[in-house]
């Protein structure tokens, strides 16, 4: 809780920062009180708290994008992962009574002999890459109608650029906090971290400039009509509903049991 409050004080008090702070505090409170920790409860409670403090924030594009992106990551991303896993299993012929269940690297690792290390590594790499890209696509799909409505633009390269920019942004944030902590202890070490931070920050800016210079990076479009925005979000809702989490249902084998077969050990 103290770390979250310190971050909120240091960072600029914009809607994404305030939303993340309120959600983190509510999560910590739910842990202490032993209450439900459903994601939708955190998001809704954070929106209510911010709107009570400033009702006009609902018209702020930063407020809208912040909450819509979180909803997209929380619900659209898992649906995209399950859809991708279903397509992958159909392509490999490994459905076997488990429609639309995500491939878990740990389960896959236990299901194959330990000698197949390459296959286990392939599953793990595929799942990590798919998860990283699905997070970017989920946030982009949730926010693209709002961006198009307010700015009359769309960013087709957004999901790809986010995958590349996210690791660099993570290192910038970590190095920034390390620099703040070290400057009061050892200015020499703080200077070394500051130089490394400057290099990573320069690389981040360069990557953003490269994506901004790509063809069709931010084409101008007319503001979408309300019915198209409604159709877009209804499509996302149907996607989330179709590929929602389902319990495992093993396939029923109607063949008679062969009593003469040796038992597996």
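Residue 1 is the first one shown; counting continues down the chain.
In case you wondered, yes, glycine gets a Cβ from its N, Cα and C as well.
Among the ranges 91-113, 160-182, the one that TrEMBL lists as transmembrane segment is 160-182. Taking every recorded stretch in 16-33, 65-85, 160-182, 189-214 and counting its Cβ pairs under 8 Å to the transmembrane segment (226-243), the highest total belongs to 65-85.
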